[in-house]
Amino acid sequence: MKTLESMIEKSSQDELEELPIGQEANGEIHIKTYLLIVAINLVYVAQLISVVGSGSLARNITAVVGGEDKTVWFTSIITIVTTVLSPPISQAADYWGRKWLLIFCTSMGVVGSLIISRAQNVGTLLVGFTFSGIAFGAQPLIPTVSSEVVPRKLRSYAQAFVNFVGAAAALVALLIGGGLTRYGHNANFRIYFYICAGVFALGALATGLLYHPPPRDLQKNLTFKEKMRQLDWPAYFLLTSGLVLFCIGLSWSQNPYPWSDARVSAPFAVGVVLLICLVLYVCFIKKDGMIHHSLFRHRNFPIALGCLFAEGLSFFSFNNYLPFETSILFTTDPLMIGLHFGIAFIASIPISAVGGAWSYHTKTLRPPAMFALLLFVAFFATIATVNVHTDPANFWGYPVIAGSGLALCIVCLMTLAQFATPPELISTTTGLVIAVRNLGGTVGLAIYNAVFNSCMSNNLGPKIAAATLPLGLPESSLGPFIGAITADNQTALAHIPHVNEAIIAAGALAVKETYVVCFRYVWVTAGSFAAAALIASLFIRDPKSEFNLHIDAPVEVVGAVSPVEKVTTRHSTEA
């Protein structure tokens, strides 16, 4: 007997063949639809405030509660939980509906933000970021709902609006975070996450009041046990365990253990094996589960996945390392650091609108996607040239390149992925896209952390020694001097024998030069991934016929029934 998924897959393909390319309108857009889109995107605002704070305020947080060596985990936990939860929540949304999953996950963001705001040690912080990560499990439902309630020809505009909201939220978050922690007020990170908790609560409330979708047939007709059986539990287990172990191995590499240590090599190896098992499982055993094979009926979908994986690698590199490099080379003022980074989001606001308009009028996605990835390559190439003598004015221009690439990439590639897959799998499609993007971020952060720490451990001591020993610093004082100069501890420096102003200046310059080299390694690594994605984007095929007036899940129906509802209704009757 055929599974429910295979029945829907076959019938949906038949249904798609029956539909003309230029479908007529089957719904209307009035204030109800607009309010729904605004309410859903308020949740996205809260998510952006949370993830931006996890990266830009990481060093402020650890200055208060300790655990400087754990800062990479603040963002990594969010990306891991997002990657792990996105596929099952996207699948579950087809069986239990979107609304209550959105409300539940967003409520966990309230809990996580409150835990972070009250944390007294790094362990509590990690628990808080884990709860906040649960809120991101519903992230795929935001672009899903925003897309499925508007005509397909307006889908690029819908994604542009999502990106506009995210960029504006990230910019405001950076400025609030920088303003609160300015002048050494590091403890004000607590106020920041109180604000984050409030926005999460407002998003959950707005969704509950304004989002009233009609129940889906699968939601009404399947029992709880039948719904649970439809979820791909083996795939979820392999993804979760494999990804966590993989990241633990990479994050501990040279921080503090060498690759030869079993605490690095063992979890890394087991994680790789589990991820390989996941690939084999979804390819040969479960073809209609977490990674439904019907999603790959058009080459655009795997290309979009690959490009968004690279975009995740790219975004989380400058999300974590651009503010870090700014603080080392140019300014320690948190507000100015946030504003430097915020330039990227300022640029992305108009560029996302331009990208949406271009796709709407030309019915093409390939040119803007290629241009977006080219901008990423250009950003990494230019920022890799930074040195201790770089004009600070240049650092105001580099984020414009990155922000423009970010805006175009998300708008075009999300739209491309949704157009390339069956309408009834839009939630699964978006969940997989978000998971892959965050997988890129998770893997990228682990790789960048390993690259950065390895570079620091190999270069910091030798560079400081080469700069200071010729000036008269005794070798017996080198160890304490390295510790004091890297921590910028002026009190400790004053008590080290034979240390003078010239030695301190030379040591400080050597520290900066070491950081520059290590940042460069990160940028070159990220740039290589972006270049590979640029090559892949050459093979995108523009889906011009998909830009039509059909609405996949209309909020305000005018009489026609969408193909999704016809498919699910027909097979619910047959069952």
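The backbone N, Cα and C atoms fix where each Cβ goes, and this holds for glycine too.
Here TrEMBL flags 34-545 as domain 'Major facilitator superfamily (MFS) profile'.
Note on the transmembrane segment (33-52): residues 75, 78, 102, 106, 109, 112-113, 132, 135-136, 138-139, 141-142, 145-146, 149-150, 158, 161-162, 165-166, 168-170, 172-174, 177, 193, 195-196, 199-200, 202-204, 206-207, 209-211, 319, 555-556 of its chain, located 6 or more positions outside it, place their CB under 8 angstroms from a CB of the stretch. Annotation comment: TrEMBL describes 33-52 (among others) as transmembrane segment.
Per TrEMBL, transmembrane segment is recorded for 72-89 (among others). Nonlocal intrachain contacts for the transmembrane segment (72-89), taken as residues 6+ away from its ends with a CB within less than 8 angstroms of a stretch CB, comprise 50-51, 54-55, 58, 61, 101, 105, 125-126, 129-130, 132-134, 136-141, 231-232, 235-236, 239-240, 243-244, 247, 251, 290-291, 312, 316, 319-320, 428, 431-432, 434-436, 438-439, 441-442, 445-446, 449.
Positions annotated as transmembrane segment by TrEMBL: 101-119 (among others).
Counting same-chain residues at least six beyond the ends of the transmembrane segment (125-145), those with a Cβ under 8 angstroms from any Cβ of the stretch are 36-37, 40-41, 43-44, 46-47, 50-51, 54, 61, 65, 67, 70, 73-74, 77-82, 84-86, 89-90, 93, 98, 101-102, 104-109, 111-117, 119, 158-159, 162, 193, 200, 211, 414, 426-427, 430-431, 433-435, 438. Among the features that TrEMBL reports, transmembrane segment is placed at 125-145 (among others).
Residues annotated as transmembrane segment in TrEMBL: 157-179 (among others).
Here TrEMBL flags 233-252 (among others) as transmembrane segment. Distant neighbours of the transmembrane segment (233-252): 72-73, 76, 80, 83-84, 87-88, 261, 263-275, 277-278, 281-282, 286, 289-291, 439, 442-443, 445-447, 449-450; these residues of the same chain sit at least 6 beyond its ends, with a Cβ under 8 Å from one of its Cβ atoms.
The feature transmembrane segment is assigned by TrEMBL to 264-283 (among others).
Tertiary neighbourhood of the transmembrane segment (334-358): same-chain residues 56, 60, 156-157, 159-161, 163-164, 167-168, 170-171, 174-175, 177-182, 318, 322-323, 326-327, 364, 367-368, 372, 395-396, 399-400, 402-404, 406-408, 410-412, selected by CB-CB distance under 8 Å and a gap of 6+ residues from either end. As annotated by TrEMBL, transmembrane segment applies to 334-358 (among others).
Sequence annotations record features per position, and here TrEMBL assigns transmembrane segment to 370-389 (among others). Same-chain residues lying 6 or more positions outside the transmembrane segment (370-389) and placing a CB less than 8 Å from one of its CB atoms are 307, 310-311, 314, 318, 322, 325, 329, 355, 395, 398, 401-402, 404-409, 412-413, 509, 512-513, 516, 519-520, 523-524, 526-527, 530-531, 533-534, 537-538, 540.
Under the heading transmembrane segment, TrEMBL lists 395-417 (among others). With a threshold of 8 Å between CB atoms, the same-chain residues lying at least 6 positions outside the transmembrane segment (395-417) that come near it are 143, 147, 155-156, 159-160, 162-163, 167, 300-301, 303-305, 307-308, 311, 314-315, 318, 322, 326, 329-330, 340-349, 351-352, 355-356, 359, 365, 368-369, 371-376, 378-379, 382-383, 386, 429-430, 433, 540, 543.
Taken from TrEMBL, the feature transmembrane segment applies to 429-451 (among others). Cβ atoms under 8 Å from those of the transmembrane segment (429-451) belong to residues 72, 75-76, 79-80, 82-84, 86-87, 89-91, 136, 139-141, 143-144, 147, 243, 246-247, 250-251, 253-255, 290-291, 295, 301, 304-305, 308-317, 320-321, 413-414, 417-418, 421, 518, 521-522, 525-526, 529 of the same chain, restricted to positions at least 6 beyond its ends.
Residues of the same chain lying 6 or more positions beyond the ends of the transmembrane segment (521-540) and with a Cβ under 8 Å from any Cβ of it are 299-300, 303-304, 306-307, 309-311, 313-314, 317-318, 321, 365-366, 369-370, 373-374, 376-377, 380-381, 383-384, 416, 440, 444, 447-448, 451-452, 455. If you look up TrEMBL, you'll see 521-540 (among others) marked as transmembrane segment.
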Same-chain residues at least 6 beyond the ends of the transmembrane segment (264-283) with a Cβ under 8 Å from one of its Cβ atoms are 234-235, 238-239, 241-250, 252-253, 257-258, 289-291
Averaged pLDDT, computed only over the residues in the domain 'Major facilitator superfamily (MFS) profile' (34-545): 88
